[in-house]
Amino acid sequence: MIEDKRLTDTELEAITDRITGDWVSRAAVDFADAVAFHESLPPHKRFAAVLENAEAVLCQPRAGVPRLDEHVELLQHLDEEGGADLLPTTIDSYTRDNAYEKAAEGLARSRETDSSELNGFPAVNHGVEGCREVVRRVDAPVQVRHGTPDARLLAAVTLAGGFQSFEGGPITYNLPYTSAYDLETTIEYWQYVDRLCGAYTERGVTINREPFGPLTGTLVPPSIAIAIVTIEGLLAATQGVRSVTLGYGQVGNLVQDVAAVRAMAAIGAEYLPDSVTVTTVLHQWMGGFPRDEARAHGVIGLAGATAALVEPTKVITKSPQEAVGVPTAESNAAGLRTTDQVLRMLDEQSITLDGVDREQALIERSVRSLLDAVYEAGDGDIARGTVRAFDAGTLDIPFPPSDAAAGDVLPARDDDGRVRLLKFGAVALDDETKRIHRARLDRRADTEGRELSFRMVADDVSAVSDGRLIGRPGDD
């Protein structure tokens, strides 16, 4: 059974030897050479330092295209025209599935046709030197954003290539993405990723790690999301990671979102070791977007307002073309500017929201209950407890494609749009918390004159793309 135990240097080296060879040579990811490259980078390209010294909310988009020059130009555009403080490199789907041969074919077609035949940057195929070229040619810190359950080779290549932040984790890049891996396997894979990050950190190169807070991106209750990213932060800390950015996906109700990010920061400070610097990220709305770009800007603006009120360390922005596919560089930059405009205007105001403290207390109590259940299931071992808690359903997520989660929890919005649980499954929440959730949902049912049912959930899933927050009867 998996244990929350730090890999030894010998184990780290053995895994690196095992995963390299076919697509990347062992020599290409030479650790001493990689550390020297990181040390050559100027301070403004050091991701953790920029995060941890930020005096205002930082903005970061999502972006990635297959050809290296085009990818660099895209990032430069987002920096210069969008004002991005931090830059992404979003990895293509084939690489996420470890299908490097297919990624190579897509990259070759992209070069032949002068077009994008992949939906991201195939970092493994570009290799360490290709990654270093990206880092050299842009003028801001760059993060690897992907969705890879087995990210070991991707981490080895991109970290040797000069990237200093790596998104994801064994839960957040398993349960929402795939049915191919059990949780114990991905925890083992990510122990390598985190230990590699820890090894760099011990040599003076701080690598930031960021659990993916939005999970399935669909009505995820804040307490569940926060418990899971906290677990991933704890697993990373065991392996020597010292910079952790806890992530949360906006649900759309201002009070609940502000309360959730504050709760996440408080829980992170409470549970993670003092040796770890904890920062936070708010992901703008991850659900369906309106097709009308003006309305899409409205969704982005609300997220910007949320970020202004709660002041996470950074906000991951969206574009007004989310509903139609991969956004253009111009659209992506527009989403950054919309967010920045709202942040700047609200920075000059003092706004207090009623009910935040009460909601934050409810969220924190729920998170502690979930984490207690994990520790109890693992007899104090967070890795073992995570596997057992998901097996038992005491920790769960809604709408998982993975068999590693029961998927027995069902969320719905209450009468002012906060995400509650309609079905609890076996999730480890106390009776009083369940009563609060049910009472809030009953109030909505009374308002709408209908029974609590899955129809309400389905209406909520499509509400934002239809121009509302709550899926009321007759809105279509």
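The backbone N, Cα and C atoms fix where each Cβ goes, and this holds for glycine too.
Remember, predicted model here, so these are calculated numbers, not experimental data.
Per Swiss-Prot, these features apply:
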BINDING   R62, R96, R145, H146, E167, Y173, Y177  L-glutamate binding site
BINDING   G64, N119, P176, F289, K318, E322  adenosylcob(III)alamin binding site
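Rounded to a whole number, the distance between the Cα atoms of G64 (adenosylcob(III)alamin binding site) and H146 (L-glutamate binding site) is 10 Å. Here the Cα atom of Y177 (L-glutamate binding site) is found 16 Å from that of N119 (adenosylcob(III)alamin binding site).
Here is what falls inside 10 Å of the CA of R145 (L-glutamate binding site) among the binding-site residues G64, P176, F289: G64. For the binding-site residues R96, R145, K318, the ranking by surrounding Cβ atoms (within 10 Å, all protein chains) places K318 first. Nearest Cα neighbour of R62 (L-glutamate binding site) among the listed binding-site residues (N119, P176, K318): K318. For the pair R96 (L-glutamate binding site) and N119 (adenosylcob(III)alamin binding site), the Cα-Cα distance reads 11 Å. Here the binding-site residues are R62, H146; the one with the fewest Cβ atoms within 10 Å of its Cβ is R62. Each of the binding-site residues Y173, Y177, F289 was ranked by the number of other C-beta atoms within 10 Å, and first place falls to Y173. With a 10 A radius on its CB, G64 (adenosylcob(III)alamin binding site) counts 23 other CB atoms from all the protein chains. Other residues of the same chain near the L-glutamate site, with their Cβ within 8 Å of the Cβ centroid of R62, R96, R145, H146, E167, Y173, Y177, are T90, I91, G147, T148, G168, F212.
Distance from the CA of E167 (L-glutamate binding site) to the CA of E322 (adenosylcob(III)alamin binding site) is 21 Å.
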